[in-house]
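Among the features that TrEMBL reports, coiled coil is placed at 1-72. Annotation comment: TrEMBL describes 96-363 as domain 'Deacetylase sirtuin-type'. Per TrEMBL, the feature Zn(2+) binding site maps to 241, 245, 269, 272.
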Ligand SMILES: [Zn+2]
């Protein structure tokens with residue numbers, strides 16, 4: 001009996017041990033699995049960290065690239081602005097190392113295809129040459145009066161007007177008389193006809209001689225403005241008050257009649273009796289909105305894609321800035337001049353006289 005009991009006990013013990021062993025093995029297996037999972041997780045984390053590092057590296061390199069791009073872009077823009085700046089103080093808008101010459105000569109028929117309904121016409125005193133009005137270039141920039149040679153660049157200033165008023169008005173009277181019996185030429189008439197057919201065309205006149213505007217005479221508005229032609233430098237036909245009191249009278253047309261001058265007197269303001277001044281932009285003056293509607297022009301020309309530049313050597317800041325704007329926006333520039341001055345940009349030359357070219361080009 002005892003023997004049997006003992007056997008049973010031993011059996012029971014074996015069974016317990018076996019169970020114990022199995023449990024131990026199971027735990028071991030679980031630990032192993034858990035370790036494996038941990039390793040796997042660690043491995044994944046390592047990969048993730050690696051990826052994060054890579055991304056960080058890429059981000060750094062992207063930032064570097066943006067920096068480099070910004071630097072390059074800024075250098076390019078600086079160069080462009082520097083070149084345009086140089087153009088503004090030189091005699092022409094010329095090519096340089098950074099801006100190679102891109103202007104090419106076209107035939108009138110080829111140029112005709114480039115004209116759109118959004119065209120600006122910028123014309124200077126060269127347009128009136130065929131009407132026998134000399135340009136200041138032809139006069140070598142000098143006006144001869146008595147025994148004296150007056151530099152036109154000094155004479156056409158406010159300083160000169162105030163210092164030597166009589167001499168100034170003498171020049172003004174002579175220039176006015178030079179234009180008196182002259183008539184518009186084929187170039188003026190072609191521009192007038194073009195504007196009639198293309199109501200949106202923007203006509204900007206740098207010339208002060210009144211010939212082009214005389215074709216539009218019935219469209220006169222206040223201050224001696226012409227509704228259809230922007231006369232940026234004013235008009236020889238008008239005067240106003242030296243102290244600008246005439247601008248207070250909205251409807252006043254400051255017509256320049258010369259009774260005062262014919263009596264060798266300095267013209268007076270018809271309102272306050274102070275000295276009169278010409279309705280011209282003097283070379284040492286800022287452009288004022290009241291004088292030439294500059295804001296209106298600046299707002300308008302943004303939407304134009306073509307400019308025809310006629311008979312001007314772009315000596316004034318306004319004219320150069322306007323052409324530079326068209327170069328910057330890569331718009332079409334057609335230059336009509338015996339000796340063209342715009343060498344860069346999307347520029348096409350028609351070399352010759354405006355009175356020969358314009359009737360065919362604008363027909
Ligand atoms: Zn006045």
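Sequential numbering from 1, following the chain as shown.
Every residue gets a Cβ built from N, Cα and C, even glycine.
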Using DSSP with the three-state reduction, classify residue 241 (Zn(2+) binding site) as helix, strand or coil.
strand
Quick one: give me the count of other CB atoms within 10 A of the CB of residue 272 (Zn(2+) binding site).
13
Taking only the residues in the coiled coil (1-72), give me the average pLDDT of this model.
74
Binding-site residues compared (241, 269) - the one with the fewest other Cβ atoms within 10 Å:
269
Using the Cβ center of 241, 245, 269, 272 as the Zn(2+) site position, which other residues in that chain lie within 8 Å, going by their Cβ?
240, 242, 243, 244, 246, 270, 271, 273, 274, 276
